[in-house]
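Enquirer: I grabbed these lines from TrEMBL:
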- B:16-132: domain 'Acyl-coenzyme A oxidase N-terminal' (DOMAIN)
- B:Thr138, B:Gly177: FAD binding site (BINDING)
- B:274-435: domain 'Acyl-CoA oxidase C-alpha1' (DOMAIN)
- B:Glu421: active site, proton acceptor (ACT_SITE)
- B:474-652: domain 'Acyl-CoA oxidase C-terminal' (DOMAIN)
Amino acid sequence: MGIKVHEAVMMAFEIVIEGPAEALVFNDPDFQHEDLNFLSRSQRYEQAVRKSALMVMKLREYGIADPEEIYWFKSFVHRGRPEPLDLHLGMFLPTLLTQATPEQQDRFFMPAWNLEIIGTYAQTEMGHGTHLRGLETTATYDPATQEFILNSPTVTSIKWWPGGLGKTSNYAIVLAQLYTQGQCKGLHAFIVPIRQLGTHEPLPGITVGDIGPKFGYDEMDNGYLKMDNFRIPRENMLMKYAQVEPDGTYVKPLSDKLTYGTMVFIRSLIVGDAARSLSRACTIAIRYSAVRHQSELKPGEPEPQILDYQTQQYKLFPLLATAYAFHFVGAYIKDTYSRVSSDINEGNLSELPELHALTAGLKAFTSWTASAGIEECRLPDIYVTFTPSCTYEGENTVMMLQTARFLVKSYNQVSSGQRVTGMVSYLNDLSRQRIQPQHVAARTATVPISDPVSLVEAYKARAARLVEAAAKNLQAELNHRRSKEDAWNRTSVDLVRASEAHCHYVIAKLFTAKLSEISNAAVRAVMTELCLLYALYGISKNTGDFLQAGILTDAQITQVNQRVKELLAIIRPNAVALVDSFDFHDVHLGSVLGRYDGNVYENMFEWAKKSPLNKTEVHESFHKHLKPMQAKL
Amino acid sequence: SVNHDLASERQTASFSVEKLTAWLDGGAEHTRIRRAVVEAIECDPVFSRENQYFQSQNERYEAAVRKAVHLQKKMHEMGWTENGPEFKYIYRALSGDVAFLLHRIFMRSISVLGSDKQIAKWIPLASQYQLIGSYAQTELGHGTYLQGLETTAVFDNATQEFILNTPKISAMKWWPGDMGRSATHTVVFAQLYVHGKCYGVHPFIVQIRSLQDHSLCPGIIAGDIGPKMSFEHIDNGYLMLQNVRVPRENMLNKFCEVQPDGTYVRLGSQQINYFTMTTVRISLISDEAVIPLMKACTIAIRYSVVRRQSKLKPGEQEAKILDYQTQQEKLLPQLAAAYAFHFINDYLQELFEKGYREVQRKNFDTLPELHAFSSGFKAMVTQYCTSAVEICLRACGGHGYSLLSGLPSLYTKILASCIYEGENTILLLQAARFLNKCFMAASAGQPVPPSVTYLAAVKHGKCPAKTKVDFLSPDIYTEAYQHMAVRLVSSTAAKLQDLIQSGVKKHDAWNQCTVQLVQAAKAHCHYITVKNFAETVEKLKTEAGIQKIMKHLCDLFALHGIFSNAGVFLHDGYLSGAQMDMVTASYLDLLAVIRKDAVPLVDAFDFTDKNLNSALGSYDGQVYQRLYEWAQKSPTNMQVSPAYERYLKPLLHNTRSKI
């Protein structure tokens, strides 16, 4: 059923890419260049800038303005890789839109839109990351001149990492501790010019540069920024919410949660990115595994495709199932985000806490899983491009603990007799049923392991049990009269586990819910198999939790392990069609191993011949080092 | 001056760091020699790695060749010899950043597989660098499965030569180090054909480049395979052979020979051909897996006491990130693993040396065990260490991703160790085949090697632990690991038998059990590692302080394994849910205990700052200053970016056309 499934899956899930945009880019000679693998970092940066500049021109030329279309166009131009204008388009412009006053928008937005201003978003400092309150950069208001004086008082306060800061930007939105009338008012955002318009030289008082080579992100000029008594006008503080009046009076914002909106948004994008990166990795690994032959399964027969080995299927198919699962999670978060943000615009903040907790946890869960999966596929390029997402926009452990805070809070609400809603509503059952691990043995016989819905129930029970255990351990530490913070720290390993279990449940639930929306029977069948594999594989990798809580018995675990292996064989015939459905163009994949036509070896040889070390028949080091040595010895 | 957050960690050490270092080195004298080697290498500017992170592949390769050439001079100057006590420290001192490593494998394979006559001819040439060797086994389409190699060597009676050919593209040799640009000769593994009959894979010495002008020999196509995830300094190469003729004497013939009339004579076990790989697998455990993990732990733990983040208590300074339980839970088990694998390496070295003496006497009895051990432990240790290094990298937040932290290059290099010298899954299956065989033999009452006699003692029953303190007893947890290993080996063996008895063909049955077989092989290696750690601690009587902290690390390594693989211990009820909670409690308690000695424990690995080459991990903890200074040296900051004049300027100024 190969190709039919491919088309049907694409239709069912709208895994549609913008055909015209794709053609516009891939057929445009201006966007062609030498294989990036053979370029130095400086050359890669230059290529990326060239393409970004060209991209902006072409977007205007073609009149592409819809954000979704821009997204696809950009992703084709840069083939899914980071680029120096990412922060300008993804952070600088949106922050202006959401946090600038109308007057500020008049001054900055159009120039920025037209790229007279190229901006970045400078938050992280060398010594301070996810814990925003710890940032040290200061902005001190001087009422005499009506200016803010910006300073980087210590080495640790140097802004470090912002993309596009090193070489590209001439402006930055800088997050700094605001001091006015002798008091610290916490973090605020300021629009700071950093380079001279015209010459692009750093302005006096500004030290700016590239932070050097990294693990991936070669084309991005992640930068540092040091400010010494650098003055900007009062009107350069982003003042849609908080304000500093000319005399230095500080006016508080209505809600401090609102400024977190941008980060929630970015985190929700990372979930979608996790799905796409993992899909690319699966596409390459599965296609290659169908081309590569190795050893023998049956004596005397030719070497089989390595995809026929159970161990290879066991490595790859659960990842394939995960890639599909994350697609659905990404779509769900995107929808939820746009719904909640329209509520926020109408002044309703009630869903913000759960959204914040959910995006934090799912960002961590999906980026961890995807990055481990990409590593399993052993794909250096995708790995280094994707894996930093475990750290940026909130370090994952910290993210998990944020989710845990919400879970514990919800648990406590339930314990005190209130009901909770949304994804955590399973906690309501805890008080009614009082799940006792010792007494559930009788109940477990009813978990049929071939039904996704009942597996979701098992995940739910596990999440409930781990949330409860973490909350109780936390309470026990508090009963030992430890300080709140100390007790939290001593329970944090439990808390992270509880968050992971919660996220795992949410993902299994969303995947399962998606099945009923599929009308095409063949697609529903193959998706149900993937969904089962996702759920069962997760159980087999975490058997301890399910056994210990008495959710499943030994015998059932054995069945689960057995069923996982059966599913591998069932999915095998559709494996290539399932990755073809992701519909990555060869150019986008950028992989010799993952080519659609499978002509791996011929192309690998052609590719290697272009390597810089092969530029000359005899390498210069022969004359420099080898020959003199041989002459001497 | 030392950063005071790091300095304070060293004042509270519960043991003498110097004594621990000496013990790890196998005695103070070894420490002295090691430091002398490191000192001599590091004070020589040719060996500097200062600019490594900024260099291109071409520059890295050239530097590695320069170092390799200079090393010959240096050894001569210092009076170091290949058999001297200094030799094994040279590679560590260079951090492996040197060319001609495959030249050494070339020599080793001739020493092991060559006749006395061949050794007498080739080894002096190679040690004098009159030729540069490589080792060409892997092909574009064929890796770990040697029988699948497609390169052919056909014996020509008339000329007494072998004719070597690459019959198709997937048969091209691909990956051998030193072969892309440097090597003049290589050992080629090819299917031997005599009079139309195939005798399997054999090694042949083939000249590939001219000794005069280094140009390629007739019939040879060779070059560099292009950029990789790591090993930028090595010219991994490709090689195509077109009717290349080598004399009959160029087949390495200690164990098999083709006589002038074409008669094929076997002089020993076929397995011996793979003995070079067995030795390489054992020797890479320390250099390529354990030492990189030790370095990663050193960097991550030192950084974690300098880095402060958020507040543990209101009103206080931001806390050292190592004071967070979650950070401890990331790093300290990796530290314990570094120690565990250091000891397992000692154990394997001993086992191997014993085996090697036997092989020299042409007694091949120990080969299956040796082969299984080298395969299983190579796979288990490299896989474990790779994950561990990655955890260290991620535990350093954003700065971990800077190449200047040293962690990405450690990670990419160690990741390769999971694949080269045998892909890990295949190696684990080889170990599993041995375990399965031994289990069947033991069940039938036949003798098995001492390392696996435990498989005969299948015990049912439950773990006797009553409190969380009981889980700090090595007997309790070693027993649990043993039980788990036996259960996994025996249940897989039973399933395999069942399938075969129910009529499934043997190879199909094997493939259907491979996921479990891999699990069983890992469980076996994990058990032996825990047991060996516990025994090592037990034997360590002289130093109370050191024994105490080693005992903690051993407990942590063991309990971490149970905590993170809870399912396999709970599965048959050997541990109860309540006992698993005790394991968790003891495990988490240990983190806080080991936390206090974390910095001294990495200091004891005794890496110099130059060796670590990390802005985050140096001894003085001046993390941020160093990061800032090093970044400014980046070539991207040295020049005005050409991208500005060419692309940014028109973009920034050409507003009209955009609107």
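Backbone N, Cα and C define each Cβ position, glycine as well.
Note that TrEMBL annotation is computational and uncurated.
Mind running through what each feature is packed against?
Expert: For B:Thr138 (FAD binding site), the same-chain residues 6+ apart in sequence whose C-beta sits under 8 angstroms from its C-beta are B:Lys173, B:Trp174, B:Trp175, B:Pro176.
Around B:Glu421 (active site, proton acceptor), the same-chain residues six or more apart in sequence whose CB sits under 8 Å from its CB are B:Met277, B:Val280, B:Arg281, B:Leu284, B:Lys378, listed in sequence order.
The predicted model assigns the domain 'Acyl-CoA oxidase C-terminal' (B:474-652) a mean pLDDT of 93.
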Enquirer: Around B:Gly177 (FAD binding site), which residues of its chain at least 6 apart sit with Cβ under 8 Å of its Cβ?
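Expert: For B:Gly177 (FAD binding site), the qualifying residues are B:Leu101, B:Leu102, B:Ser134, B:Tyr135, B:Phe231, B:Ile234, B:Asp235, B:Asn236, B:Gly237.
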Enquirer: Looking only at DSSP and grouping its letters into three states, which state does B:Gly177 (FAD binding site) belong to?
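Expert: In the DSSP reduction, B:Gly177 (FAD binding site) maps to coil.
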